[in-house]
Each structure stands twice: as structure tokens, then as C-alpha cells.
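Structure record follows, encoded as C-alpha cells.
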Amino acid sequence: GTSSRQKGFLGCIRSLHLNGQKLDLEERAKVTSGVRPGCPGHCSTYGSICHNGGKCVEKYSGYFCDCTNSPYEGPFCKKEVSAVFEAGTSVMYMFQEPYPVTKNISLSSSAIYAEAAPSKENIAFSFVTAQAPSLLLYINSSSQDYLAVLLCKNGSLQVHYQLSKEETHIFNIDAENFANRRMHHLNINREGRELTIQVDRQLRLSYNFSPEVEFRAIRSLILGKVRGLLFLSIPF
């Protein structure tokens, strides 16, 4: 503005810093004639550019689209990355041992495989269903180890880890009925001995395996129904 209040600044200013100190514009605006607290952000102007349920999030000098709760990704949540499964259907990724993927698998599959190194796994996905019991994810290795994520009959979520022939670890998360036609986000992270499971951005479980834990080279990844005898060892 100007001291004479003639031909001054018309607009709004956000987050003013002087010599590293943040000045409180809001409090000063409350006691200054002709100045009001608050300044519309980028999202109030450009928020509609986030498509398909993406949420506009303010940044200091811009914005970004949070696509987490939508089946899309990309800067504007326009790239579809989801699939709808009919009853009894599945999608399978097959991998060639020990590390390269087969020629007919896409580069995205290579990226999935590379992330699942023997010393750690980081798996994240969102799902919506009203069907229980049901299998969401099944990963097995060349040594018959496996990781499975399933919904039990009562809608609780179970994560099964078999990292040796002698022992299967079953982790049950029964915070609610997850087969409730609502979007849920699951993140499973294991690095060495430490396992954490987050559901809807809340830490639901943490666990320490024995020191010799190792998930060996992946053989296949299945989303949806596992056919044949493969699934008989995983009880609901």
C-alpha cells in the first residue's frame, strides 16, 4: 500500500517473511482500516483443475492435486490406474527367476518387481468392495514363501506372511468392516525385521520378525481370485 492510501496495492499478500521472520499479517489486518484478514489461495481459483475426485492442496507458491482417494494419478488426476473385477476374476503378473521379468510384461511390472527386493517390500493400493470373504492380493516366491492380503467373512482385513515353511504369520485388523463400499487405502512396509501396516493413513500394526527373515525372488503377483490348489493353505 501507500502512506497516503492513494493508488495503493489492490489484492492480497500471503505469508510475508522479512529477514527470515514471518510477519503476522492477519492480526495487523484486523486493526487496519480497509484491510481484511485472509487471502484466497490457488485452490480457490484453480481447484477445479484436479479431476476425478482429486483434492487440491495449497503449497507455499502453488498447488498440487492429491489423487490418493481417486482411481487416477498424474498432475491433474486424469490418468486412470484402476480396474473393476467381476466375481471370480483375477489379474496375474508372472516373473522370470531370479530377477528379470518376462518379455511380455510391461515396464511398470519391472518397476513393481524392482521394488520388491529380498530385503524389503513396500506395497500400497486402494480398494472398494462389498464382497467378503475375498482375496485382494497374493504374492508368492520361488521358495514357496508368500504374502497375501484378504478380507474375512466379517469384513476384517488380514495380512498373511509366510517367510519360511515352518511358520506363517497372520496379522488381523478388525477396526471396521472393510467390505462397506467405501474406499480404503492400505500400505504394507517391511524393511528387514520391521513390518508396519497402515490402513486409511493410520498405523494399525507394527511387528518385528526374527533376524533371519527374507522374502526371496518373486514368482507371481495375483490380484483377485487364486485358482486351483494355490490358495488352500490360506484359511478364511
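Even glycines carry a Cβ here, placed using N, Cα and C.
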Disulphide bridge to C39 as given by TrEMBL, partner from C12, C65, C67: C12
Average model confidence [pLDDT] within the domain 'Laminin G' (96-236): 75
